[in-house]
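Structure first, commentary second.
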Amino acid sequence: MFTLAEVASLNDIQPTYRILKPWWDVFMDYLAVVMLMVAIFAGTMQLTKDQVVCLPVLQSTVNSKAQPGMSGKADFTTVETTTGQGEEALMRTVSFGSAPTVTPDVPLSRATSPQYQPTESGQELKKEQKDSSGRKTNLDFQQYVFINQMCYHLALPWYSKYFPYLVLIHTIILIVSSNFWFKYPKTCSKIEHFVSILGKCFESPWTTKALSETACEDSEENKQRLTGAQSLPKYVSTSSDEGSPSASTPMITKSGFKFSADKPMIEVPSVTILDKKDGEQAKALFEKVRKFRAHVEDSDLIYKLYVGQTVIKTVKFIFILCYTANFVNTISFEHICNPKVEHLIGYTQFECTHNMAYMLKKLLISYISLICVYGFICLYTLFWLFRIPLKEYSFEKVREESSFSDIPDVKNDFAFLLHMVDQYDQLYSKRFGVFLSEVSENKLREISLNHEWTFEKLRQHVSRNAQDKQELHLFMLSGVPDAVFDLTDLDVLKLELIPEAKIPAKISQMTNLQELHLCHCPAKVEQTAFSFLRDHLRCLHVKFTDVAEIPAWVYLLKNLRELYLIGNLNSENNKMIGLESLRELRHLKILHVKSNLTKIPPNITDVAPHLTKLVIHNDGTKLVVLNSLKKMTNVAELELQNCELERIPHAIFSLSNLQELDLKSNSIRTIEEIISFQHLKRLTCLKLWHNKIVSIPSSITHIKNLESLYLSNNKLESLPAAVFSLQKLRCLDVSYNSIVSIPVEIGLLQNLQHFHITGNKVDVLPKQLFKCVKLRTLSLGQNCITSIPDKVSQLLQLTHLELKGNCLDRLPATLGQCQLLRKSGLVVEDHLFDALPSEVKEVLNQDTSIPFANGI
């Protein structure tokens, strides 16, 4: 037999799992316990009481039933036949023949004595039979025990013997079937995780306190409170129930959604602000729910396992009922036994009584009744499983009763678990649904964010940028703190990697705000906030991964002056950018696009009349179609960087107002088309750096008004004299080429202020270089120069001199006569500087404010 403790362990389910036990599972568990007690009770009775009691059927009794008038004669004849035998025969007579003739009043020795005379009269026999209260048999105790055991196994029906064990086995199988889904490895981990999360969601301070700001109460009790609250004055708080630790505490305890129009949102700090620990716990719960949903929704194993175990229990019930009903009538009190051991006992037939038959029959009927009830519950469970789609769960009622209209419907095992929880208490699933809502999660982030980022903390992060403007950069926050909009003197606001950024009407307080950066931040704005931005915002930077991230309101900022778009704008998405939508930006002057365009969209002509600067930075994608550039007649600055251009686009030559052209990082090898720049009368700056140019054509001399020429990082080996005919040239950069010498014609550039020839192969500096007395920057580093002429002292306006990386063995002492040169502007090896005379070093070490009368 099993001990009760061992059997009970099969039904040992963690108390927390009770929320997944609907009423029918609980009822069936109790029925299983009762059936278990029936089995134990019946088994105990079988062990403690005699099994059967058997008595031999006397031969005289049998014959008297067949021939009543011959019974005494038959008995006498039997004795007569055996009385003349020896002792062995006498013993057999005791066992077989003489026993039926012995009366209770006659001793056994006398009944077996040879002197017993069978000649007594029939009247005496009748008297003896009349006076006798029973007839003795000549069986000893061991023979009775032997025959009782044999007849227990031969005459007693098998069901009477094994009924307690069968009930025990059936009950154990039913218990295992009921709880197998809690034990199976592939389901128990999900169930354990679900129950853990569900309990934390139910008890989270976020569901009991903070949600009162955004959601209506979803319980019936709170509906009644809200109905009663309408009769209260509007300034009376209805949040007194919030402190209750009861599990039925509603999610929203202050004001419902329907009161938001009548009652201002004035909250008690203890309610609206969670402490840091509770806020972090709620954030972790949102993340756990999101991951658990993704993990559980992809399969329906739990549902199938539960259906399978319910089907097994139903089949088991039918099987038990079918075979048990047939054996009810086989349990009886009397049984006839023919053990066929006449040679040992002396009798062929026995009448046996099963003293537990009555009790077992009652227990069997009780067991059948319990099984019937159990089976009907199993059938109801199957009906419930297939009546509604349990692999789908809708939070429609929760969405209707709260402001969380974005709670998604769930499916598969996630839905089934929620259906099971509803059978325990619907309040669990309602509160759990709150943690599926993005609105709820965003509100939590907002509360925690405002708690962490106070006005004082934000003020500490304000800095001054290069333009001497007050700038605040917020990076990777969950939202935009409300205190940001109290920084009324802020000029630049940068929001980076803030996916849920919202700009409220409070931004209208920031009257100095003119520049806004949205870096991977698809911000949403309120109508009042948009009106303010439309009228005040002048510069907008938008960095994105996909063009769909660009907020639609960007294209409606009519007073915007500068727009920077940085992100993926391939050919398929070009029309989404608008640049047709940009037609509303009638005051736009600067358009900066850093992307992977293959052509300049034709619709750019809608904004082209307003543009003065167009910047296109590609990521190496070849820019093919440039014809639309011809219509951009007002463009003064044009940058086409990293566009894989091999020649200077002809469309550029039509830009009559062009002043600065930057073709950096392309694949231009020849610039013979430069002669056409003579039509661009206003062109003053030409940047052809980081290309593959090998020579400068002499036609460059036709660009009379050129002031800046950048040809660094190319493949030039020499500088033609035509370059030095550009009398207005103020900046010449030919760094990192293969130039061997500096032509003496450089002395013609009397207006030259910046000359960069770093990273070449120059070994001698011509004296004519020092006739360029307006030079302020002279970069000669990383060449092969062996000496610096003393005439360097003629460069009185020199502020920056780079000599590092040459073959110098000394510096001229005349450096001290360069009045504006300081040690910070002298880039040279330390040992060369240390070799200078002390008075020169003293002059160079002076740190005084230098008035730039002729500043750049």
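Cβ atoms are placed via backbone N, Cα and C, with glycine included.
From a predicted model like this one, the values you see are computed outputs, not experimental measurements.
In TrEMBL this protein carries:
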- 1-382: domain 'LRRC8 pannexin-like TM region' (DOMAIN)
- 27-47: transmembrane segment (TRANSMEM)
- 98-134: region 'Disordered' (REGION)
- 110-122: compositional bias 'Polar residues' (COMPBIAS)
- 123-134: compositional bias 'Basic and acidic residues' (COMPBIAS)
- 162-182: transmembrane segment (TRANSMEM)
- 364-386: transmembrane segment (TRANSMEM)
- 678-756: domain 'Disease resistance R13L4/SHOC-2-like LRR' (DOMAIN)
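Same-chain neighbours of the transmembrane segment (27-47): 1, 4, 7, 11, 21, 163-165, 167-168, 170-171, 174-175, 178, 313, 356, 359-360, 363, 366-367, 370-371, 373-374, 377-378, counting only residues six or more beyond its ends whose CB sits under 8 Å from a CB of the stretch.
Tertiary neighbourhood of the transmembrane segment (162-182): same-chain residues 2, 7, 10-11, 13, 17, 20, 25, 28-29, 32, 35-36, 38-40, 42-43, 46, 188, 191, 302, 305-306, 309, 312-313, 316, 320, 331, 360, 363-364, 367, 374, selected by CB-CB distance under 8 Å and a gap of 6+ residues from either end. Within the chain carrying the transmembrane segment (364-386), a Cβ under 8 angstroms from the stretch's Cβ atoms is held by residues 24-25, 27-28, 31-32, 34-35, 38, 163, 167, 174, 306-307, 310-311, 313-314, 317-318, 320-321, 324-325, 327-328, 331, all 6 or more beyond its ends.
When the domain 'Disease resistance R13L4/SHOC-2-like LRR' (678-756) is classified with DSSP, helix, strand and coil residues number 17 helix, 12 strand, 50 coil.
Taken together, the residues of the domain 'LRRC8 pannexin-like TM region' (1-382) have an average pLDDT of 65.
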